[in-house]
Amino acid sequence: MLSRLRTTWSLRPCVSLCRWVHTKEKGKPLMLSPRTNKGMAFSLQERQILGVHGLLPPKVETQEIQALRFQKNLKKLHDPLEKYIYLMGIQERNEKLFYRVLMEDIEALMPIVYTPTVGLACTQYGHIFRRPKGLFISILDRGHIRSILDNWPDTNILHWRKVVVVTDGERILGLGDLGVYGMGIPVGKLCLYTACAGIRPEKCLPVVIDVGTDNETLLKDPFYMGLYQKRDRSQAYDDLIDEFMEAVVDKYGQDTLIQFEDFGNHNAFRFLRKYREKYCTFNDDIQGTASVALAGLLAAQRAVGKPITEHRVLFLGAGEAALGIANLIVMAMMETGMTQAEARKKIWMYDKDGLLVKGRQQETDSNQEAFIHESPGDVQSFLDAVNAIKPTAIIGVAGAGRLFTHDVIKAMGTLNERPIIFALSNPTNKAECTAEEAYTLTDGRCLFASGSPFGPVTLSDGRVLTPGQGNNAYIFPGVGLAVILSGVRHISDTVFLEAAKTLAEQLTDKELAEGRLYPPLSNIREVSIQMAVKVVEYLYAKGMAFHYPEPVDKDAFVRATVWKTDYESFLPDTYDWPGVNFSPKSI
């Protein structure tokens, strides 16, 4: 009965509820909250009734004018970090205006609020910090996490499930251990949950777990905001994460979506194995990255004319991203009838110690065992590996910089008519090669995707190719929205396989001809909504959804829940009683 009530409430207009929430605050506090502040867009009646008249200039502005001012000021800034600070300042003051501007120019502003600029912001977090945007939980807080969660303001609007993004800051993008400076990542991810999929911002909770840092520079930085201690790797760390997971579920419910972000490789895999059947959780670095990379490969196969089972993939890097992508590729190959063993033979990995082969002296992780093969010969470099294995696709996820050398790219162009080159490491200076290098060295024949954005490339013959950005933002917002709406208790890898196929299907033939492997970022809100619809359909069809009754029209169901950036009226809900006479009747 409760789940039915929740379904009904999620689709019901929230006028009276929203007004109750907003009008319990009056005067200046109403203007100081980013959730209720409208700036000069408060109407004259609102100003008078809510006690803010005279606290604002006399002009009553539209949101359109406010957005125009915001955009003009932003264009005056040229430094990406300055733009990040300005954007986050608007978010702190006026949430709806922030998301309106972000959504209207998502292609230009996503690189500011997320990769690559968020990486720079994380390195400078203690220097640009103004106002806390999430929860900071340290290892010194063991035994008290539930009370810390109680300090986070929560409105419980519409009974929406909470979305929690948590990091311990150990492996921030390709930048390494940034400790509590990693807070910029959960904040950025949750901005995209709202902008791309319309998940209500008040239901988004960014969290950083502080167990120290092994970054010596930060430990000597007077502006560092975390614990000045080496990273705790004892049982106390595991106990802290266990307590955190239990406290979140105790506070917000068993169906709370908890996304792990930028944990170290070892912890990322073991926490995924440990919690995936107990909580509604996933790891975006493993599963989200895998899904977006597979979507790129599925799109590329349309141009190459080869099914995925005929591809050989060589990874540069053998960490969580590489293993996540590899395992999802294996699942995609097995869907066509190939055995798991046959599929795994199609995938090779090369890390800082060389090619993963049997008998290698260097220690390997247990997660890598499935992709360790017999040596193909004398391989001393990544170029040697390319020439020995003759891959149809190379995927860079090492975060070590320009290791797709000119010789490597040329070799891929010699071996393949349409070589697939994915330089997925973030931020931009960690990318394995640039779009210009990949296109020019293969005469425009390669199918290229990157983790960070690159601009269009003009070739010598006048052709203009637009590189695809393999951004996880194509996956996690839509998947997250589907999970929230369908009441999923545990998130299977098959969900990310379905998401990858859905994303690849949304790429048009025209966009593929332009060089894209993903739809334009400018259309990401619609892409995310369509993905959510497809994933919701899949979850109900497979019996994984627990939100009842099952909606008949899944498209209408999803779209009815999407959060809008329009200002709401804060006036009380007033109305007449038609036909009622308040005068006493004459006898």
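The backbone N, Cα and C atoms fix where each Cβ goes, and this holds for glycine too.
Keep in mind that TrEMBL annotations are predicted by a computer and have not been checked by a curator.
Quick look at what TrEMBL annotates:
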{"type": "DOMAIN", "residues": "91-276", "note": "domain 'Malic enzyme N-terminal'"}
{"type": "ACT_SITE", "residues": "TYR114", "note": "active site, proton donor"}
{"type": "BINDING", "residues": "ARG171, ASN426, ASN471", "note": "(S)-malate binding site"}
{"type": "ACT_SITE", "residues": "LYS189", "note": "active site, proton acceptor"}
{"type": "BINDING", "residues": "GLU261, ASP262, ASP285", "note": "divalent metal cation binding site"}
{"type": "DOMAIN", "residues": "286-540", "note": "domain 'Malic enzyme NAD-binding'"}
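Positions of TrEMBL features highlighted on the structure.
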{"residue": "TYR114", "record": "active site, proton donor", "Cβ contacts under 8 Å, 6 or more apart": "GLY188, LYS189, CYS191, LEU192, ASN471, ALA473"}
{"residue": "ARG171", "record": "(S)-malate binding site", "Cβ contacts under 8 Å, 6 or more apart": "ASP177, ASP262, PHE263, GLY264, ASN265, ALA268, ASP285"}
{"residue": "GLU261", "record": "divalent metal cation binding site", "Cβ contacts under 8 Å, 6 or more apart": "VAL165, VAL166, THR167, ILE185, PRO186, LYS189, ASN283, ASP284, ASP285"}
{"residue": "ASN426", "record": "(S)-malate binding site", "Cβ contacts under 8 Å, 6 or more apart": "THR115, PRO116, GLY119, LEU173, GLY174, GLY399, GLY451, SER452"}
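Across ARG171, ASN426, ASN471, which the record gives as binding (S)-malate, the greatest C-alpha separation is 18 Å. Taking the mean position of the Cβ atoms of GLU261, ASP262, ASP285 as the divalent metal cation site, the remaining residues of that chain whose Cβ falls within 8 Å of it are THR167, ARG171, ILE172, ILE185, PHE260, PHE263, ALA268, ASN283, ASP284. Across the domain 'Malic enzyme N-terminal' (91-276), mean pLDDT in this model comes to 93. All chains included, 27 other C-beta atoms sit within 10 angstroms of the C-beta of LYS189 (active site, proton acceptor).
Around ASN471 ((S)-malate binding site), taking its Cβ as the centre, 27 other Cβ atoms fall within 10 Å, counting all chains.
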